[in-house]
Each structure stands twice: as structure tokens, then as C-alpha cells.
Amino acid sequence: MSGPRLGADVGEYLGSSLALPLKPLLSGWLSSLFHTMVPTGYSKLQEERLSMVDLGPEAVPVHNGYRQEPSHVEGRRLLDRATDGREEDDEDEGPGSGVHNMPKESPLAMALQILVPFLLAGFGTVSAGMVLDVVQHWGAFQYITEIFILVPALLGLKGNLEMTLASRLSTAVNVGKMDSPIEKWNLIIGNLALKQVQATVVGFLAAVAAVVLGWIPEGKFQMSHAVLLCSSSVATAFIASLLQGIIMVGVIVGSKKTGINPDNVATPIAASFGDLITLAILAWISQGLYKCLDTYPYVSSLVCAFFMLLTPLWMVISSKHPASRTLLYSGWEPVITAMVISSIGGLILDKTVSDPNLAGIVVYTPVINGIGGNLVAIQSSRISTHLHFHCAPGEVPDETKGCYYPCRTFCGTGANHRSAQVLILLVVPGHVIFLYTIHLMKSGHTTLTPIFMSVYLATALLQVLLLLCIADWMVHSMWRSGKDPDSFSIPYLTALGDLLGTALLALSFHFLWVIGDRDSDVGD
């Protein structure tokens, strides 16, 4: 027998003999891990809702608007009555099980569901930071430094629009509004069209804010640069929002099919590559328009006009669906206010970057802002879903009544204090991974000394602590006042995350410079 033939036979024999014990072991381990990540309560809840679709449209009335207290309560009662017979026959389930309460999640299942999207989102922000570290030396960014004011505002669109869309659709999945295929696609198309309208308008207003905050206080103004800012901002917001919206819909639909709670995965996945995509598009468009500024000055105006003229089309499409039509008229306050807050953070970044002693801040700004925004968006989405599921608008659980105190967020008796604990525990190990990733990629301008890492991690931890406390107070306050937190809270929270992250990071770098931890040439 030849040598190659003998080797093949031995390999085949060993492979077949090892496969017998390994296959059951591997499949059992994967099955156990999947069941840990996907609690049976969510799968059972989806099956019960899907079974209600067969009862006809009269069994569970569908209403698209937010203010639907009578229909929401009545629909829940009909669903409860339909499942009461099965619950009475099941000895393992109490009378309050089934659809009366949201399925319980163990901290382990919650952490496993959050961990992978959290790491993906973190590596996305790390990539965005490294891209920003490179493009800050491009001509457009050096001669029109006000583009830095646009960066937090445009990166914040994932909180203003993508995460808000993810939170709304996650709640729609959990309360059963996406069980009907027709209703599901009407909801998706209406929300995507609404998001394009908001992206275009916010992109234009972000450019106006950059002009006001950057040039007017200094008494200088150039129309050609202002038009370039406007074109870059509007085009970036439109293209990035469209791409991320399509990805977001796929994530929500996939989560529903697999039984994973979309509140745990949708918002961080919305930000996974959002920062990188947005920043890359902004850099590419602004640099391209900057090169055309002298030879073809009209190109910037044409680009801006093209995307602005598409706005009426998206408005018509979004007005066809009741839920998106309502937000088309009433959903501008949080989006515009959040843009202004993020622009203030951009002004801080612009002033800090202009200081050569603080050059290292650029690569870390998207990371600390993105991670803080991702974590607080998860908590906000979970609290909002819990309120939609258990309370009528205007009513809050007993444990949240009265004056707010910070311990309630992490140590209270409410339904979401465990998720707050899980999220805060992810901050330090997550940022350590991302810091060393930046270091291994030889990016940034700061050496990872023990002093730097201690100050940076303390800054990140303080940012997330403040954001989680603000989220607990804000979501319940909005629900009490009759506003839908899915549409109103996340823009404010992610914008505050940008402002707090940029401001605290700037203070940290100033502190490190004062105490002598100075490395302004690392990674050049």
C-alpha cells in the first residue's frame, strides 16, 4: 500500500472514530448555550402570539399609533382569555404565567445576548476612532476644522435615528404588533421613510450649527466652506441612515424569528458599524468636495440640492402609515435637541483637537462616546418595553413613584435593575479590550501607561453610571407625561453620552498633561 493511501486510510479511521464522541458532545454544548441565550419564555410568547393571528383580525385589534390605551388593554385581555384554558391545564405554570408578565431572563442569558453585539459595536467604534485619527490630517479636516463639529452630531444619528428605530421595532415585536406580515412591512416602510426625512433635516441643521458654533463667534465666514459643510453633512446623513436602516430591519426580523429578545441586541448592533460607516462616508465626501472647491465650485450646491429635493418623497411615504405620520409631526423635538447637544460636544472636540498637546484624544472619542451610548440605549429600550408591556401610558410601577434616587437604578426592586448591573459590569473589561486593540493596531498618540488607563477607565465608568441613572429617571418621567420613550428618550441619552464622553475625556487629557503623562507622538 502506498504511503499517501495509508495516510488517507488512517486519517479517515481516526476522523470517524473521533467524530462519534465529539458530535454529541459538541451539539449538546451548542444546544445548551443556545437555550441559555434564548429563554423558552420568549419562544413560547412568540408562538402564542402567532397562534392568535389564526383567530382573525377581530381577536387582536391592530392599532398603529402610540396612544392606544383602550385597544392595547383590550387586546391583552383577549389574548389572556385565549390562553387561560391552556394555563389552567398546565400544572407547572401558575395563573399569572403566559402572557401576563414578560418572560424572565437570567443575568447569564442577558449577558450572553448583550456581549457579542456589545463587542461588535465596540470594535466598530474603535475602527471609527482609528479612521478619524487618520483623516484628521487630510486637507479638508485641516483647512475646514469645523468638520470636527459635525463628527459627534453625525455619529449621534445612530442614537437619534437608528437606535430609536431599533427601540420602536423591538417594542413592536415584544407587544405583538409585528405578527401580521402586512402590518409588519407597513410599520417597517413607514419608519424607514420617516428616518430618511429626519436624517436629511438633521444633517442640514448640523451643518448650520457647525457654522454658527465654529465661524460666527470668530467673526469669519466663507460661503463656499459653508456650502461644503452642508453638502457633506446632508449626503453623509442620508446615505449612512439608509444603509444602517436596512441592516437594522434585518436584525429585528432575525431576532423575532430566532426568539432572541431584540431589546438586548438591536440597539448595539445598530451601532456596530454605524460610526465607521458614517465617519468613512463623511471623510470621503468632504475630501472629494474639497478637491472640487476651486475647479468646480458648483458641485457642492448640486449635491446638497439633490438630497434636499428627495425629502418631500420620503414625507409622502412616511405619511401613509399612522405611527410614522404621528412622529412626522411630533417627533422632531428630541432629534433636533439631541443634535444641538451633540454639536456642543463637537465644539469641545474641535477646540481640543486644535491643541497639539492633546492630539491623542481623537482616536478615543468615538470609542468612549459609542460605548456609553450603546449601553444606555439597551437599558432605555428594556425599560420602555417593560412599561409598554405592563403599564398604560401615564402610569408607572409603584417602585418608581416618588423622588428619584440613584440606588434605585442598580439596587432597587424593579424589573430592570439587574440589566443595569450587567451593563455596568461590562464597562471596564470592554474598554480594556478596546484600548489594547488600539494599542496593538499601533494607532493613537498616547502610551498605555497605568496612569492613563486608570484615568481613562474611571472616566468611562463615571460616564456610564451617570447615563444609566439619567435613563432610569428620564424614561419613567416621559412615560408618566404620556410620551413614548422609544421615540423620545434614546436621542437625548445618546446625545448626553456624546457630550459627557467628550467633555470628561477632554478633562482627563488635560489632567494627564498637567501631571506629566505626555505622549503626543505615539502612532504618528
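Glycine is no exception: its Cβ is also placed from the backbone N, Cα and C atoms.
For reference, TrEMBL has these:
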REGION    63-102  region 'Disordered'
COMPBIAS  69-85  compositional bias 'Basic and acidic residues'
TRANSMEM  108-132  transmembrane segment
TRANSMEM  138-157  transmembrane segment
DOMAIN    151-284  domain 'SLC41A/MgtE integral membrane'
TRANSMEM  197-217  transmembrane segment
TRANSMEM  223-253  transmembrane segment
TRANSMEM  265-286  transmembrane segment
TRANSMEM  298-317  transmembrane segment
TRANSMEM  329-349  transmembrane segment
TRANSMEM  361-378  transmembrane segment
DOMAIN    365-507  domain 'SLC41A/MgtE integral membrane'
TRANSMEM  422-439  transmembrane segment
TRANSMEM  451-471  transmembrane segment
TRANSMEM  492-515  transmembrane segment
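Remote same-chain residues near the transmembrane segment (361-378) are listed as 114, 118, 121-122, 124-126, 128-130, 132-133, 136, 151-152, 155-156, 158-159, 163, 166-167, 263-264, 267-268, 270-271, 275, 279, 345, 349, 352-353, 419, 423, 426-427, 430-431, 434, 438, 443-446, 456, 459-460, 463-464, 467-468, 470-471, 490, 493-494, 497-498, 500-502, 504-506, 509, 523 (criterion: CB distance under 8 Å, separation of at least six residues from the stretch ends). Ranked by number of Cβ pairs under 8 Å to the transmembrane segment (138-157), the listed stretches 108-132, 422-439, 492-515 are led by 492-515.
When each of 329-349, 422-439, 451-471 is scored by its Cβ pairs under 8 Å to the transmembrane segment (197-217), the top-ranked stretch turns out to be 329-349. Long-range Cβ contacts of the transmembrane segment (492-515) within its own chain (Cβ-Cβ under 8 Å, at least 6 residues beyond either end) map to 152, 155-156, 158-160, 163, 334, 337-339, 341-342, 344-346, 348-349, 352, 357-358, 360-361, 364-365, 368-369, 372-373, 376-377, 380, 451-452, 455-456, 459, 462-463, 466-467, 470-471, 474.
Break the domain 'SLC41A/MgtE integral membrane' (365-507) down by DSSP state and the numbers are 112 helix, 0 strand, 31 coil. Helix, strand and coil content of the domain 'SLC41A/MgtE integral membrane' (151-284), in residues and according to DSSP, is 116 helix, 0 strand, 18 coil. Long-range contacts of the transmembrane segment (223-253) within the same chain, counting only residues at least 6 positions beyond its ends with a Cβ under 8 Å from a Cβ of the stretch, are 140, 144, 146-147, 150, 153-154, 157-158, 161-162, 165-166, 169-170, 173, 184, 188, 192, 195-196, 198-200, 202-204, 206-208, 210-211, 215, 262, 265-266, 269-270, 273-274, 277-278, 281-282, 285-286, 289-290, 293, 297, 300-301, 303-304, 307-308, 310. Tertiary neighbourhood of the transmembrane segment (329-349): same-chain residues 148-153, 155-156, 159-161, 194, 198, 201-202, 205-206, 209-210, 213-214, 361-362, 365, 369, 487-489, 491-492, 494-496, 498-499, 501-503, 506, selected by CB-CB distance under 8 Å and a gap of 6+ residues from either end.
Within its own chain, the transmembrane segment (451-471) has Cβ neighbours under 8 Å at 364, 368, 371-373, 375-376, 379-380, 383, 406, 409-410, 420, 423-424, 427-428, 431-432, 435, 489, 493, 496-497, 500-501, 504-505, 507-508, 511-512, 515, 517, counting only residues six or more beyond its boundaries.
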